[in-house]
Structure formats: C-alpha cells, structure tokens
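Student: Per Swiss-Prot, the features are:
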type	residues	note
MOD_RES	81	asymmetric dimethylarginine
MOD_RES	104	asymmetric dimethylarginine
MOD_RES	203	phosphoserine
REGION	205-227	region 'Disordered'
MOD_RES	217	phosphothreonine
CROSSLNK	226	SUMO2 cross-link
DOMAIN	306-383	domain 'SWIB/MDM2'
C-alpha cells in the first residue's frame, strides 16, 4: 500500500518484507482516526499493485489531526525532523526540515523543547591573520616535552637540561637588562683632566718695502706702515683620552669671556665674549687678535657646561648640607638626608617639616610642606662660579715662554653608557633568538603530533577490535555534536526507546532515502531519466 510521511511526500509501496521490518520493531498500529487510510481488512489491492497483508503496518495519519495524534520523539522539538544521511534529492513538499513553521495549515506553531534550549553565547569575531599567528605562538609557548615522550625517548633529557639552563640564562639577562635600564637613566660621568693651552704671538709693525721692520707706537705709526698686533689662542685637549673620537674643545664650555686691560682698549672694546647657542658649531679653540705693541694683562672666565646642570648653594645651606656645587637632584637628596637624620619630619602630619633654628634662618619660616621645598630652594640656587685664569700677553721678542698650561677637572660621559645604549637598542640577537624559538616550537609540535600518531597505531595493533569500537563510539559522539543532535544517551541505550511510534517513520524515511539514492545511481549508469 502507499501512504504519506510526516513531511508530506509520498512513501514507496511497502513490500511484504517492509511489513516484516515494522512488525519486527514491535510497533503496534495506531488507532484509526480522521484522515487515516483504511487498514488491510478494509482495502483490497491498491492501484499501485501493492498487497496489504496481515504483517503490513499502517502509517499514522497525516491529515489535519489534533496535537494529540502527533507522535514526538523524545529529545526532539515539535515539528523538527530526523536528518536522513545520504539523501541527495530535492526538498519535499511542505516545510523544510528543522524549521519552526507548522507542517500543515491550522497546526499550532512549534516551540523548542525546554530541555534542549542552550545558552546562545555571542561568538567573537575571527582573528585576523596576524592575530592568528600571535595566538598560535602563544599556544606553542610551552617548549617542555611531555613526560610520556621523555619516558619513551630517554635521550630527550639532554634537551630538558638545556631548557632549564636557557631559563636561568634568560632570567639573568632580563635582570641585567633591567639594571642597565635603571643605570642609564642616571648621569654616568667620569672626571677627567682637561689641559688648557694659552699662547700668543706678536707681529711687529713694518713700513712698506722695509724688510728690517721697526717698533712703533700706535700714535706714531706712519699711515703706510703695517700696524703691530698680537694674537691670543686658547686651546685644549683631554689627557689620556682612550676614545678614538676627539671631542671639540668648545663642547666643554657654556661661555668664555676674555677681559683685556680697560686702560689700553677702552671701556667699549675690552671684552671678548662667546656664548653657546642652539646653532653653535663646535670648534677646537678660540683666537683673539688686537693691535698693540705693549704687554697686556687679561683675565679668562670659563663657564663649564655641566650635563645635567649644576648649581651653587647658598653659603649657609652649603655649610649645613656639606654640598657646594651639585645637581638639583643631588641637592634634594642631601636635604632629605639632613631632614631624616635630624628628625625634622612631623610625627603626625608627615607632609610637614618642622624647621630647626638653621632652617628658620635659611627658609624664614618655622614650618613648611614638602611640596614647598623646591620653590624655597629655587631662591637659594645660583650659577656655579666660573674658572678664572689670569694671563699676560707678552710682546717681547726675547721672551721664549709664551705658552701657559692649566689643568682643570671636567666631567665626560662614561664610555660604558654608549655601549649600554647600543646593547639596549640592538635587536639583532633578539631576532635570531625569536627565529630559533619558532623552530623549537614547530619541532615540539611535530613531536607531539608524531606521538599521537604512534599511540593511534599502537592501540590499533594491540587490539584492533576494541580499538575500532572505541573509535566508532568517539566518532558517533563527534557526529552528534556536529549535527546538533544530542539526544539522551541514557534513554538511547535501552531497547524500549526504539519501540516508540517514531521508529516507524524513521524506517520509512530511511527506506525512501535508499530507494532515491539507488534510483539516482541507476539513472547515472543508464543515462536516462525515469519518470
């Protein structure tokens, strides 16, 4: 006989064997109702030639029956259908599988089974390729071989020893790197000796065409004669400088002032000044040329260029702290040590300083806040004293000692500072280490994959039957997760679960799917289209 399935498409005629399948499942025939096809006792041979025998089972009604007449598989939502594996035909008439639309007009809308509701967790956006590579690197961050591999390959212990040594080495390098970063923030200087050379040359006056030359005075020189003049040179260099790069002499100073005799050169022409500007170009020395044939007393005022800047303390505060000229940070540190040593910090209000008699004389107050100290200290700081050198410019041709040398202390950058900066800025070693880490991670991942394959093959060779059964069970669980058909494993393991009415429909659908599959295969082989 022929009938219709739950989806509204025609079912194939049942053969006597098909009835035997339904009877074997133990499904009793449903009671007759509206829209139900007559049983075998009420019908004869159908037009399709199918014969309904005693073993043939009738299908449930497909007409507009009430909700009570619909059989529902446990664990499936109303209106949902069983997926049929291998069914490649077009969608049957009616609603598609898995939709919430009613199967027939007039049927109530389907609702999801509350036991199968799941929390809809919003999925994150798929990572970009760069982010995906970063996640992969983070997943492979553990370079330790698993214990099972170490037991399988005893030689891998050498790799683990190297890994432990590398971890200690990385910790040591990281600690030293942090120490270098902290040290490079502070001024790293060395005290060196700078030797200053002060020399002068004298050019006597000469008449035109006269090779002998005569000495004259500025007032009595003829108009055509060459005026007598002298030239003063100030140069210098570092003593025992190990660096190959020579530093310019002017780079040590902020300003240089040469004060000549005011009685000889007047109040407007007796000063020669040089001050550092942002656009100043460094030079190896200074030279001054003036007319004159008399000895000149001059004073050189050299202001050192301290980096960071240094300041001279008020004499009262300098005697109290024992600091004469220092940087602002060093002065603040010395001041705090004095406050801490003399217990001047207020015991209750810690942000206040109780001034002793010396502080009251210097800061002119009996109590001040910590935040007020920099402002109070600014009025007590002065520019450091310049280096004063007195020199006599000699114009006597018989005086052989015309060069004077003076040694002064200067601060220069520690050569280690440049090396530390280059070490921190260098990325060559880091790139090489990163590339080697990637290779190690890839090797460890390959070893883990090979170990998994070995376990797979070893389990199969040990007990093929149990292995295949366990593998099928695992694949079955994965298939349920992929197809979103979870069901109830506890019910499915019992025989009564398969004696329910929905099993008849499942068998019919399976047979129909197989028939359609065979039909397509036959059409492909014969190259015809059966109608």
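Backbone N, Cα and C atoms are what each Cβ position is placed from, and that goes for glycine too.
A description of the local structural setting of each listed feature is requested, covering burial, neighbours and distances.
Tutor: Residue 203 (phosphoserine) carries a strand DSSP state (E or B). For residue 203 (phosphoserine), the Cβ neighbour count at a 10 Å cut-off comes to 16, with all displayed protein chains included.
Secondary structure at residue 226 (SUMO2 cross-link), as computed by DSSP, is strand.
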Student: Could you measure between residue 226 (SUMO2 cross-link) and residue 203 (phosphoserine) for me? Cα positions, answer in whole angstrom.
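Tutor: A Cα-Cα distance of 9 Å.
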